[in-house]
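One structure is given below, encoded as structure tokens.
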Amino acid sequence: MIPERDSETTFDEDSQPNDEVVPYSDDETEDEVDKQPAVEAGQNQINREAEESREPPRKDCSWQVKANDQRFLEQPQFKRTVFLCFKKSKYAGNAIKTYKYNPITFLPLNLFEQFKRAANFYFLVLLILQSIPQISTLSWYTTLVPLLLVLGITAVKDLVDDIARHRMDSEVNNRTCEVIRDGRFKNTKWKDIKVGDIIRLKKNTFIPADILLLSSSEPNSLCYVETAELDGETNLKFKMALEVTHRYLQEESAMADFNGLIECEEPNNRLDKFAGTLFWRNTSYSLDADKILLRGCKIRNTDFCHGLVIFAGADTKIMKNSGKTRFKRTKIDSLMNYMVYTIFVVLILLSAGLAIGHTYWEQQVGNSSWYLYDREDFSPPYRGFLNFWGYIIVLNTMVPISLYVSVEVIRWGQSYFINWDLQMYYPAKDTAAKARTTTLNEQLGQIHYIFSDKTGTLTQNIMTFKKCCINGQRYGDCRDAAGQLQSHPEQVDFSWNKYADGKFLFYDHYLLEQIKSGKEPEIQKFFFLLAICHTVMVDTCNGQLNYQAASPDEGALVTAARNFGYVFLSRTQNTITISEMGVERTYDVLAILDFNSDRKRMSVIVRESGGNIRLYCKGADTVIYERLHPRNPKREATEEALDIFASETLRTLCLCYRDISQDEFEAWNKKFVEASVATTNRDEALDKVYEEIEKNLILLGATAIEDKLQEGVPETISRLSKADIKIWVLTGDKKETAENIGFSCELLTEETTICYGEDTRQVRSTKDFFSGNSKCSLALLQTRLENQKNRAGSSPHSSLRMNEPFFQGSKDRALIITGSWLNEILLEKKKKKKKLKLKFPKTAEEKKKQTEKRRRAEAYKEQQQQNFVDLACECRAVICCRVTPKQKAMVVELVKKYKKAITLAIGDGANDVNMIKTAHIGVGISGQEGMQAVMSSDYSFGQFRYLQRLLLVHGRWSYIRMCKFLRYFFYKNFAFTLVHIWYSFFNGFSAQTAYEDWFITLYNVLYSSLPVLLVGLLDQDVSDKLSLRFPGLYVLGQKDLLFNYKKFFLSLLHGAITSLIIFFIPYGAYLKTMGQDGEAPSDYQSFAVTAASSLIFVVNFQATFVCFQIGLDTSYWTFVNAFSVFGSIAIYFGITFDFHSAGIHVLFPSGFQFTGTAPNALRQPYLWLTMILSVAVCLLPVVALRFLFMTVWPSESDRIQKHRRRLAAEEQQWKRRQSAFRRGVSGRRSAYAFSHQRGYADLISSGRSIRKKRAPLEAVLGGGAAGPGPAPAT
């Protein structure tokens, strides 16, 4: 079990995640990763020239693999010491082992793990103490039976889980593939594959190990793989072998004779990184991740491929990523543990006090009582010492052994209720809600902050080409072929196009008519650009074109061009084939100028059929407009269209081109080749070269893509806001995109005062902060930080904490910040590496000054973080734009640290994984970006709207149920245990028990466990519909109103009062009572039965009143609850009569000594009157108080429960209308989203695979920020 992460962790720019590096995450930036060996160039011809002149292998490449030579790997230098002098090969076998136990180790290992828990170890110590006759007055089975029950239930659960892991391991290890053995390919089980083997894989088979691709059935030895098992992404990736292995390793005999040596990095968990060198035929060849096929991937659209095993089994990257899981604990868990520690302290104090009482009693009474002589000559203090341990045993039930097992059972049941909730089932994808953990359910009812991704979480992440602007003319409105607007839109018929995508919908017939007429060459260039300027790969299946796009945006643009007659058909490393209105043409692709979040654009340079060279470019409007030729007549008209598209929350993109002369291209291409093979700062060099050619562009127009909100998002956000849950949107898109979506989903309204993070110089005081301008700045934060810095500098002991609020007045305000601003405010800039200098020892004074300077810097940095969190948390909503996955996790961590609030993160992509793991609760959405977010989450479902039901219904119910269970559980244990203390005043503090041993043994196991367990599983104060209708009920959990130390001590007090009644009413009744036979029945056995029977009635009926509210209304009361209460009482009496029978006493005389007690005692009417009186005195005050609170001081749930019938009648009329998209400010533009990393141009031009370091759209950042100035008039 991994301990919970330290809540005091802070992030800085060089920090790494606390858990494992997740696939394709942004935890490491390119400049933080060690420089890789020289990689292949961006074009095929460059590859052939460069392969013969690779750099020598890196010194840190210590992993060596030789093909077809197992003896090479058995050399001494490849062995490692595992224990003492025993050595083992450092190369793992390919058999995987995820199970924990085997038949020999299960019992000892499982017991060891269970006894590491403090509660179990405590009861083991008690069991040992009970074996000492001098201190124990209880039989050993009173502790052993409950302990065995707890250990047994846990062991069975662990065994079932491990058997499932055994079966999964066996299924995987016994798969087969073809391996070179004795010069031929033979079928071999996966578990028998070794490092250095050459294997053959066929289509639709999984890859058994991490292998170097040698050759395949495809041209240039391309290999298509699906990584869904690895990272959840379903789009195909493309790998390509070295030219030399592709050329020479096609035949089986050549494979068998291959003896290449590979030197590479040690096994690690970086899925998208690999550095190594192949030595073969006296030549070295550089290897990178684009030539490696990873275990867990599946071969697709490739008949067969060959590979050399580099990493096997536990050394594979997928196994390296599967080892660590962050352990999350709930707030109630922590509080419950502290309460158990409190009980333990109370137990020690009580035992010590009673032991002192026994010492005094021995001195005053015991020594003079001849009938107590036990042949042991012990002094009173020593007897008191022994009695201390005796009371530790007698009162051990104050520390509830069954508490943790009961909690786990309740959580397990609550998780199934979430899984079975049909109202959280998404039929479109056949996706049901799934509780992937059973330990966090009640924490769902205590959420303060929700951190949500945007694309794919709030939106559908299904991009649709909606509108466009070509040559200054806008298209996309509902118009007929003549250009007239239609009142009843009709879908454009694309049946004339055999390649048309039937799912594509468009309603502007006029645009299609213009294309068919051929009168507008700019329109033809527009769609030709969409068909040629991209990095999409195409696959043909059953005569249908299937596009594999790097992002949904690219797929939407290429699909639009396809339907309008410009169809992307195929591509090679250097060519691309397009069908232009039925005419197929192939163009030479001379270069692909890749995009990233800084460039915000991409370009291709192609040679057309006439020999002309032309550059086609698409990108964000801000960067494109900066590079346009001064004479662009349609510039203003296109900008006006961009404003209109932005106001409709559409994602915009500008298209342009320019012609290039042959001489200019040749001069530029020389620089491009040099930058492509650069071993250092390659990306920067390429960006500089790209800038030289992307200038004087001619504007063609703009596209507008729609990414609709998911169904029910505005309603969900509204309800969650009413539940006092603050929502932060963390997205990689540009500010305008996120802001418009904020208005659409009603996170922002027209009344919301919006503060922007980048304008930090306009305002200098609180007075000016909200002086009527809704677009405020954060200068107050900067001023506050500077003042605090000055204070810190003037007085090292001055407090940096300022508790006054940032804002005054209305609370309806929102904060919008960017990732760059976040870095500037919260992080220190990276220091450049300095050259090695000779340093002399520092004096003590210099060291002191340096330490003080460092301390002040840390204090100031921490105060910056504190102030940011304080400011942001005073806002109703926060939108963080252009943030990386690392920053997402950092923001969540800061709120956790400084606000001590319960957080929830929800997302659908791989770049949300860090955020999901960092938050207290992680929720994954099964969206368009694979299953990695789901696999890393605690809960998952198909749509964002189900979050309201997860929190407001299941979360709230789980919290209320768990709180009621814990309060009642502590109460019933105190009521049961404290009777022994009152009894001690009448037995000389001798650690004698007030009940028989078997009653003590079975009390928590059978007699009182079921009713309260069902309270924890089934209780409801209001229905699910009313929970959603009145989200204000949710604040109970946020404020910890139902379970805290106050409630705990009230339960202790209630239990103490109950124990007093349970003891003293029977005591008084027996004091001067005569039975029907004329004898006084005041024997110990009859008293124990009376007290025990009264207790059973009280605690079970008390559970009834937890569920059954006396008054005008009832809460959730079922047959199961009634059966559990009366069934528990029946079980008690049935077992008691059996254990008090003469038959069982004959069989076990020493264990059953209350022979005939229950039948004799329960025949007496006064005993039943005594029990009725005890129960009445215990329960009537509870009923009266409950009735008083319901009538005089009712809670909101009480009021709702009182009027539930009227509310149910109104339920059909209460339906919130679906919110339409609000029209945003025209100046907000929503640009095409670019990735954080460079795109896939080099992968296409070199034939390498398309790989993703992040999810396609979450990881991508939108285009440049549009200016806030007024838009042109329409």
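Backbone N, Cα and C atoms are what each Cβ position is placed from, and that goes for glycine too.
Per TrEMBL, ATP is bound by ASP453, LYS454, THR455, GLU554, PHE595, LYS618, THR731, GLY732, ASP733, ARG882, LYS888, ASN911, ASP912; the candidate from ARG651, ARG945, ARG949 named for the same site is ARG651. Contact counts against the transmembrane segment (141-160), taken as Cβ pairs under 8 Å, peak for 388-407 among the stretches 388-407, 965-986, 1048-1067, 1115-1135.
Annotation note: ASP908 (Mg(2+) binding site) sits in a coil segment as assigned by DSSP.
Panel annotation: around the transmembrane segment (998-1018), residues 138, 141-142, 145-146, 149, 397, 400-402, 406, 409-410, 413-414, 961-962, 964-965, 968-969, 972-973, 976, 1088, 1092, 1096, 1099-1100, 1103-1104, 1106-1107, 1116, 1118, 1120-1121, 1124-1125, 1127-1128, 1131-1132, 1135-1136, 1139, 1151-1152 of the same chain, lying at least six beyond its termini, place a Cβ under 8 Å from a Cβ of the stretch. As a summary of secondary structure, the domain 'P-type ATPase A' (173-235) carries 11 helix, 30 strand, 22 coil according to DSSP. With the fewest other C-beta atoms within 10 Å around its C-beta, ARG882 stands out among the binding-site residues ARG651, ARG882. Tallying C-beta pairs under 8 angstroms between the transmembrane segment (965-986) and each of 388-407, 1115-1135, 1166-1189 places 388-407 first.
Put simply, GLY732 (ATP binding site) is 10 Å from ASP912 (Mg(2+) binding site) when counted between their Cα atoms.
Cα of ARG651 (ATP binding site) to Cα of ASP908 (Mg(2+) binding site): a distance of 20 Å. DSSP assigns ARG651 (ATP binding site) to a strand segment in the three-state reduction. Cα of PHE595 (ATP binding site) to Cα of ASP908 (Mg(2+) binding site): a distance of 23 Å.
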